[in-house]
Amino acid sequence: MHFLVALVLLGQIIGSTLSSQVRGDLECDDREAKEWADQAVRYINEHKLHEYKQALNVIKNIVVVPWNGDLVAVFLKLNLLETECHVLDPTPVEKCTIRPQQNHAVEMDCDAKIMFDVETFKQDVFVKCHSTPDSVEDVRRNCPKCPILLSPRDPHVVDSVEYVLNKHNEQLSGHVYEVLEISRGQHKYEPEAFYVEFAIVEVNCTAQEAHDDHHHCHPNTAGEDHIAFCKATVFRSHASLEKPKHENFESDCVILDVKEGHAHSHLIEHHIGKYSTSPGQNSTVECVAECPVAFVNKEVPTDISDRHTTPVKGCPGKILHFQL
């Protein structure tokens, strides 16, 4: 099974704290290289529309070249690892747990270009990333009974999420939630079960209206949104063809403190009322008109290329976590 996601991000960051004295002879483990990499990773996490925050794993290459006038171009090749924090989770990525290998880890390789003005400290950031999970063969070789990653669109995954959400809504008098995104699904063994992770938001519908396909529910007005991230296990066989009805399940939902104006507040409107499974697998995601305000609707420039990122001394840098 092979999953591919491409993120194409373009935006502006103003007020950089980086020194105006930009070194051009950086090695991948230099402190300044780490600062540039952190800028790119921070931008990815602030504008990523789906799934999980990413953490830096390896700086594979860095090249700093003079551009026009006061501009300096920084080209980076980065390897990132998926964390367990959803993009809506306000937890700083530095405090997020890296998804362990036995839980079917996912890596992301990114080409980044940062245009830095040494006079104004203004930055333009361009990033293109491809995400790939560890192979099923490697997971099973190292841990034969570990859960295997499934597509968020897998019928068992979708049915499990809907089943757990319906059970929660039945128990919450006066509150109705809808799925914002199905972020992860896994097939577990001994006992056989389906493990799912998904984000939900409180809507302004009654329980009856929520089950009416002709009624469109909307998130509560600003300041009243209850957003939660849920992890659940539904115990059922992969051979089951019917939707779950009376299966045993375990679940835990944590309310996320997403403030109005938070960098990801746009995600609610991006997801609600649309197909709620993550498009991150077997798909390409590009910035379009509905992207966050910081995005510009144009393609990433062609000068993020190998000719700017030929191997340099001291690269790649050290592996901060593990290599897939």
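Glycine is no exception: its Cβ is also placed from the backbone N, Cα and C atoms.
Copied from Swiss-Prot, the annotated features are:
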type	residues	note
DISULFID	Cys28-Cys315	disulfide bond
DISULFID	Cys85-Cys96	disulfide bond
DISULFID	Cys110-Cys129	disulfide bond
DISULFID	Cys143-Cys146	disulfide bond
DISULFID	Cys205-Cys217	disulfide bond
DISULFID	Cys230-Cys253	disulfide bond
DISULFID	Cys287-Cys291	disulfide bond
DOMAIN	22-130	domain 'Cystatin fetuin-A-type 1'
DOMAIN	141-254	domain 'Cystatin fetuin-A-type 2'
CARBOHYD	Asn204	N-linked glycosylation site
CARBOHYD	Asn282	N-linked glycosylation site
SIGNAL	1-19	signal peptide
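Features as recorded by Swiss-Prot, highlighted on the structure.
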residue	record	DSSP (3 states)
Cys28	disulfide bond	coil
Cys85	disulfide bond	strand
Cys96	disulfide bond	coil
Cys129	disulfide bond	strand
Cys143	disulfide bond	coil
Asn204	N-linked glycosylation site	coil
Cys230	disulfide bond	strand
Cys253	disulfide bond	strand
Cys315	disulfide bond	coil
| query | Cα of Cys129 (disulfide bond) to Cα of Cys85 (disulfide bond): how many Å, rounded? | reply | 19
| query | Can you give the mean pLDDT for the domain 'Cystatin fetuin-A-type 1' (22-130), rounded to a whole number? | reply | 92
| remark: Cβ atoms other than its own within 10 Å of the Cβ of Cys143 (disulfide bond), all chains, total 14
| For Cys230 (disulfide bond), which of the disulfide-bonded residues Cys28, Cys85, Cys96, Cys110, Cys315 has the nearest Cα in space? | Cys85
| query | Which residues in the same chain, at least 6 apart in sequence, have a Cβ under 8 Å from the Cβ of Cys96 (disulfide bond)? | reply | Lys53, Ala55, Thr83, Glu84, Cys85, Asp89
| said: Using Cβ atoms only, which residues of the same chain lie under 8 Å from Cys205 (disulfide bond) while being at least 6 residues apart in sequence? | reply: Val176, Glu178, His215, Cys217
| task | Compute the C-alpha separation of Cys315 (disulfide bond) from Cys110 (disulfide bond), stating it in Å without decimals. | result | 15
| message | As a test of the contact definition, list every same-chain residue at least 6 positions from Cys146 (disulfide bond) whose Cβ is closer than 8 Å to its Cβ. | response | Gln102, Asn103, His104, Val139, Arg140
| remark: If you count the other CB atoms within 10 A of the CB of Cys85 (disulfide bond), including all protein chains displayed, you should get 22
| said: Measuring Cα to Cα, how many Å separate Cys253 (disulfide bond) from Cys110 (disulfide bond)? | reply: 32
| request: If we count other C-beta atoms within 10 Å, could you say which of the disulfide-bonded residues Cys28, Cys110, Cys129, Cys253 has the fewest? | output: Cys253
| query | Which of the three DSSP-derived classes (helix, strand, coil) applies to Cys110 (disulfide bond)? | reply | strand
